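Notes to accompany the following structure.
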Amino acid sequence: MSVPTIREVRAYVVRGGGGDYHDQQGTHWIDDHIATPMSKYPAYRQSRRTFGINVLGTLVVEVEASDGTVGFAVTTGGEPAAWIVEKHLARFIEGAKITDIELMWDQMYRSTLYYGRKGLVVNTISGVDLALWDLLAKWRKEPVYHLLGGAVRDELQFYATGARPDLAKEMGFIGGKMALHHGPAEGEEGLRKNLDILNDMRNKVGKDFWLMQDCWMALDVEYATRFSTIAWNEMGLKWTEEALPPDDYWGYAALKKNAPKGHLITTGEHEATRWGFKMLLDMECCDIIQPDVGWCGGITELIKITALADAAGVLVVPHGSSVYSYHFVITRHNSPFAEFLMMHPVPDQVVPMFTPLLLDEPVPVNGRLKLDDTPGFGVRLNPECKLSRPYTH
């Protein structure tokens, strides 16, 4: 059987909920008063939309093979990412065999080194890479996780990220993660409020339910150490997540060293590539790494990242990303559970992360999920969502 080549790659954008989960209306819990690197400025403290967290929007990448098979994926990137796909990366994709994913990844990454390496460019490469895996699996009429070695467990179990861990417990999740509301610039009063919120939630969920805190790069080492110590000793906080800016490897190493025994330090949501994660691992920055498969380099790179972590004895619990992480986590021994982002505006319902952009997107039931054998990542684009193609080549 001859292997098809790639006829065309296309990049689309769409606004609203979908690949860029930040792109929500102001009443959504994800746009509440949440600590961020911009919290030092009062004008940008109340809402993440005020400093532009939603400016990029969603990127949808389609790759069509010479036999008519189409793979697609969604990630964050919007029009700037669409331009990169159409004007730069397309030359490495079109005409290539659909099986040559490793070659295409290497060419995309090397060709963008002078203006890429992380951030938007690697988001874009990730989107293309995921679309290529979707295409290959559809051509083979298999789910992506079969191509990655097959499932090592019967089902996935999840913790929930959202504003209401107490509701997550009722829904059967193994734990709940909340966003931190106040950063160092809000002083002792802000610290007390953070601890009061956590203590209130601990009283609601009981002592045995996992509680975690997402700090979204907002803290410094001193504040993070103090918060983590009190939160662990008094409220049994399981982990402190992404406390520091992602480039502060030295700070993370100090935080992990200073954290109380038994409390976990986690990070990696905004890290990218095997080289970035190698820094985290070599410097012993954390107990769990949390790469986002739509931002770190795609499946192709996540395979390498996870191998490094496995050799270092560090767990891998990918950040969100729905089916794109589910198909990976189910195949890895050092990924014992997964994250589910509660994307309902008031997180009292389990809804698909990429709603309404994707159809057939599975969600956990009682905190658990079995993957089926639908080819590719098992999802379809919703034809009612208006995609636009701002650039062509």
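Cβ coordinates come from backbone N, Cα and C, glycine included.
The Mg(2+) site in Swiss-Prot is built from ASP214, GLU241 plus one of GLU186, GLU269, GLU271, namely GLU269.
Taken residue by residue with DSSP, ASP292 (site 'Increases basicity of active site His') is part of neither helix nor strand, so it is coil. For ARG48 (substrate binding site), the nearest neighbour among the recorded positions ASP214, GLU241, ASP292, HIS319, judged by Cα separation, is ASP214. GLU241 (Mg(2+) binding site) and GLU339 (substrate binding site) have their C-alpha atoms 13 Å apart, to the nearest angstrom.
Excluding the listed site residues ASP214, GLU241, GLU269, the same chain places LYS177, CYS215, TRP216, GLU242, THR266, THR267, GLN290, HIS319 with Cβ atoms within 8 Å of the centre of the Mg(2+) site Cβ atoms.
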